[in-house]
């Protein structure tokens, strides 16, 4: 077959392939049980965990709002802390007041933590003993939380009139310890199916990059500001009186240097002028190597994950086309192959059967009853049988999609499965005098191959779809097993089969 005719088959496959995200953005609710909290085994499993008096549940919506509010304060601290450390020799009154207010909120959170139960990592049970809560907190993050909340600037005023001692400024940087809350927040959001994973991941990468740029620019400016000769600094070489310029000009200049260095643009207009700046530049560029590798690795993983199914799809379709051309298969068979591959990839993306397989049998039975009970009950073969028999039947059935012009059962084959047409269209074909003729068209809700399955003889017709069809399938072994368990229903089925085929 000419290559041009084979290439014309590609448009019939690609439109039905959707590689979009089907995860987080389609869910409006999440599991209604708290993270990491599992009930114990045995008779006590039904007993809900009881909180002691004055304790605050970590899953209380009000506590969640409090944690979200603290995240906003952490973002503020992450921005203002390096800025104060580098640019503000004499801390203005406004940031000083705001910092004390923010420290007050985190001091309240420290006290509140002594009244918040925690989940034990070994038993996965909620520990609500106040003594155990206190011991755990005192032996873990308590010291760091206190150090990040102490108002070191106010303490420095006792030793220095303006409070710009460099040692106390270093201690004030301990407020960056609060960033661990942001890391925990991103880890929690990445597991939340209500949010798109790729968006959360990209937001995290952008946040890390912006914070690194901000800190590097502030530190580099601090080195220039503390250098004895201002003109022999990276900023003093182009702005001799940079200390007299406004805060905004100096901050933008520092961020400009940081970004051009991080991106290895290196225009050369701002560069190190002394040994201190050279040493910091070396350290910053070495850090940039790690940061760039981290960013590229994460972005590559996101892109590869989103395009891997498309790549696999193209490879399989190309292999099928080459196989058909190499073996000179008829165009009809090649179309069936490509349509089947296209449909298989689309249904694999839906992951319907995989979703059902991971569920308990009782839950699968409820879902099957809701979806297929009335369809199976309406088939002529099962008229008059008990509801229990129909329920057993639909539980064992599997829903499949068949592409147009795909053969379900071939004439003279002994079918091993019974099929039920749910939706779509199927032609019943018969070979007469060497030609294929349409005997009739099967209606929705009609059984296919029941005579061959129940009578164990070759099928008299070929069943071929004419458009995309949804079909229920059950194996002959499972069907006969259910009939043997329900002998009265088996007699009804035998009677229905004889009446139709008399």
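Cβ coordinates are placed from backbone N, Cα and C, and glycine is handled just like the others.
A quick note: this is a predicted structure, and the numbers were derived from the prediction, not measured.
Copied over from Swiss-Prot:
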type: TOPO_DOM; residues: 1-67; note: topological domain 'Cytoplasmic'
type: TRANSMEM; residues: 68-88; note: transmembrane segment
type: TOPO_DOM; residues: 89-95; note: topological domain 'Extracellular'
type: TRANSMEM; residues: 96-116; note: transmembrane segment
type: TOPO_DOM; residues: 117-138; note: topological domain 'Cytoplasmic'
type: TRANSMEM; residues: 139-159; note: transmembrane segment
type: TOPO_DOM; residues: 160-169; note: topological domain 'Extracellular'
type: TRANSMEM; residues: 170-190; note: transmembrane segment
type: TOPO_DOM; residues: 191-204; note: topological domain 'Cytoplasmic'
type: TRANSMEM; residues: 205-225; note: transmembrane segment
type: TOPO_DOM; residues: 226-252; note: topological domain 'Extracellular'
type: INTRAMEM; residues: 253-272; note: intramembrane segment
type: TOPO_DOM; residues: 273-276; note: topological domain 'Extracellular'
type: TRANSMEM; residues: 277-297; note: transmembrane segment
type: TOPO_DOM; residues: 298-502; note: topological domain 'Cytoplasmic'
type: BINDING; residues: 381-500; note: nucleoside 3',5'-cyclic phosphate binding site
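Swiss-Prot feature annotations superimposed on the structure.
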residue	record	DSSP class
381	nucleoside 3',5'-cyclic phosphate binding site	helix
396	nucleoside 3',5'-cyclic phosphate binding site	helix
411	nucleoside 3',5'-cyclic phosphate binding site	coil
426	nucleoside 3',5'-cyclic phosphate binding site	strand
441	nucleoside 3',5'-cyclic phosphate binding site	strand
456	nucleoside 3',5'-cyclic phosphate binding site	coil
471	nucleoside 3',5'-cyclic phosphate binding site	strand
486	nucleoside 3',5'-cyclic phosphate binding site	coil
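In sequence order, 447, 450, 493, 496, 497 are the residues near residue 381 (nucleoside 3',5'-cyclic phosphate binding site), counting only same-chain partners six or more apart with C-beta under 8 A. Neighbour counts were taken as the number of other C-beta atoms within 10 angstroms of each residue's C-beta; across the binding-site residues 411, 456, 486, the minimum falls on 456.
When each of 68-88, 96-116, 139-159, 170-190, 205-225 is checked for Cβ pairs under 8 Å to the transmembrane segment (277-297), 205-225 comes out on top. Within the same chain, the residues at least 6 positions away from residue 471 (nucleoside 3',5'-cyclic phosphate binding site) whose Cβ sits under 8 Å from its Cβ are 399, 400, 401, 402, 408, 419, 420, 421, 422, 424, 448, listed in sequence order. Counting Cβ pairs under 8 Å to the transmembrane segment (170-190), the stretch among 68-88, 96-116, 139-159, 205-225 with the most such contacts is 68-88. Put simply, of 68-88, 96-116, 139-159, the stretch with the most CB pairs closer than 8 A to the transmembrane segment (205-225) is 68-88. Look at the topological domain 'Extracellular' (273-276): DSSP puts its residues at 2 helix, 0 strand, 2 coil. Taking each Cβ in turn and tallying the other Cβ atoms within 10 Å, the top scorer among the binding-site residues 396, 426, 441 is 426.
Sequence-distant contacts of the transmembrane segment (139-159) (same chain, six or more residues past either end, CB-CB distance under 8 Å): 91, 96, 99-100, 103, 106-107, 109-110, 113, 165, 168, 171-172, 174-178, 180. Residue counts for the topological domain 'Extracellular' (226-252) by DSSP state, with H, G and I taken as helix and E and B as strand, are 13 helix, 0 strand, 14 coil. When averaged over the topological domain 'Cytoplasmic' (191-204), pLDDT in the model lands at 86.
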